[in-house]
Amino acid sequence: MNENKPGASQNLACVFCRKNDDCPNKYGEKKTNEKWNLTVHYYCLLMSSGIWQRGKEEEGVYGFLVEDIRKEVNRASKLKCCICKKTGASIGCVAPRCKRSYHFPCGLQRECIFQFTGNFASFCWNHRPVQIITSNNYRDSLPCTICLEYIEPIPTYSILRSPCCKNAWFHRDCLQVQAINAGVFFFRCTICNNSDIFQKEMLRMGIHIPEKDASWELEENAYQELLQHYEHCDVRRCRCKEGRDYNAPDSKWEIKRCQCCGSSGTHLACSSLRSWEQNWECLECRGILYNSEDFQKAKKHTLPNTNNVGITDCLLEESSPKLPRQSPGAQHKDLLRQGSKFRRDISTIIMELGFQIKKKAKRLWINKANIWNSALDGFRNQNFNPSYTIEVAYVNENDNFGREHPGSKQEFLSLLMQHLENSPIFEGSLSKNLSLNSQALKENLYYEAGKILAISLVHGGPSPGFFSKTLFNCLVYGPENTQPILDDVSDFDVAQMIIRVNTATTVADLNSIVNECYNYLELIGCLRLITSISDKYMLAKDILVYHVIKRVQAPFESFKQGLKTLGVLEKIQTYPEAFYSIFCHKPENLSAEILSDLFTVRTLSNVQSLGFWNSYLQAVEDGKSAVTMEDILIFATGCNSIPPAGFKPTPSIECLHMDFPVGNKCNNCLALPITNTYQEFQENMDFAIKNTLRLEKEESTHYIGH
């Protein structure tokens, strides 16, 4: 498929409507296939009544095969447009017994409605859907909530009302332009931000909502200025001889930004800050904090009079007037704060990310005995695209016949996530942080780990559930804004050193510890002169920050880049509360009720066996069985927990005349045996599930990679 070129190809007429107009907002994108001498408008092709998309997206024209297009053009050549009276009317009204046919542009002109969803139905002007309003309480004109021009609040073809906000009215043309620019991820009601109800109604009324990201998200470096840090000293008397804009990291002339707004700064020396870790607020933010109700209730002492405070006092140093516009860094933090206010369900967010997945499939050949390396080979393949649908085929290196078996994608991702949790690139027992592994860094495995984690989430795999709060906060708010805790230290010797520093009671004891660990402290840059016992807190903090954050700076940056795959990191930073629940916590324990609701009855099944099934689930929950709830789920789906986005397809059960149950992990289907007694049912279920999982574990020896 060739892109349109300026010149002759721009003037070629669409084979359906025979117009050479190039107006994407009205007729869709216009493309020309020079090989077949074929030019089409996307909407003309999509709405034609006698053609279906039989190819893949990259085949033919938008997935419509060339031979099908030619057949449709030939069919339309025998139909006359009821509007312009010319032949080639490929679109017909779907209303029963309506014989009207028309071209797409003619239909627009005559106010027909075309639905860009489902079967892509079209309706003529007599049968088109309308918005019904029982009573009109609007006596005066109301503004279109997009262009703000006043309109009469009466639903017509060109005037539409929001289904979720009864006082929101729009021009059809304004809505269509907004939908094309916003895409399915951001097109929503301008008043209440509802997307589900709003999009459903707009699709019914003929608004095309493309499955793409918003136009402002696709612009390269569109938000680059938000990543800039504010670097200017705003205190009343700047002492730096190099000027207010001078910033020398790791010195007293390093600029510290206001911890509240980020849009004002000071040199450390200008505000008598001993280290960069000390908190500092600008005058405006301090005024807000000190005058707030919470602060007034909490404080026990009155603030000192500002007239008696010396110019070296860092807390009440008066800053110079600010610029009226916030710095890019402050705006970025404001955006993050606003985003965190919108509490959204994690499954909805992940399903939105899943809209990026294309129908084109990429097959991965996976060896369960070496799942990490075989997965890496597949993901590193130059033909692999993370937005393609993943198909899994299991192979065995010891199989001389080279046979492959279809595998469950969710089982593969679940096994991969289990390996990742226990891999050497993470350290810790339950809540894990990144480790410093030189071999993994050399092989770029931190990047691959972040990429694999992102792919697992978007493609319906399990969530990690093993991140420490510190690692998660580093991803969301940045390492510089994260304070680790002692539990983050997995090295026993380092942890003991921090504990000894924190529990030192005299300056002599503290100096003794420093002298004992002199070489190590000097190596990590934490060696400091001890003058009072209070210095122990800063020393312990320095060691903690180095070991947990600064030591793994290179692995962290690499891991973060991998996590940007498919836009996952951006979503995490926008909705941190939603992602925290699946990154730092394991899924809830399975129960009989959860599994009973999870599995649906697939076909007409044996009523007695279904009763046995419910009794069996209760027995497993009560500990009266040799298997666990997780074993049942693994047996049927390959996963030991329910993924955040749920299972695809939905797990189901059926009853078959057999002695033992069968789990089909590709279809998430569990076939139950039909037995005469419950005792026989439970024994057969326990035997099959327990031994199947044991054999799978023995066959798939866990390969310990890098």
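For all residues, glycine too, the Cβ spot is worked out from N, Cα and C.
If you look up TrEMBL, you'll see Cys666 marked as active site, glycyl thioester intermediate. Around the Cβ of Cys666 (active site, glycyl thioester intermediate), a 10 Å sphere holds 16 further Cβ atoms from the protein chains shown.
In terms of DSSP helix, strand and coil, the domain 'PHD-type' (11-128) has 28 helix, 20 strand, 70 coil. Residues or ranges marked as domain 'PHD-type' by TrEMBL: 11-128.
Residues annotated as domain 'HECT' in TrEMBL: 546-704.
Across the domain 'PHD-type' (11-128), the prediction's mean pLDDT works out to 88.
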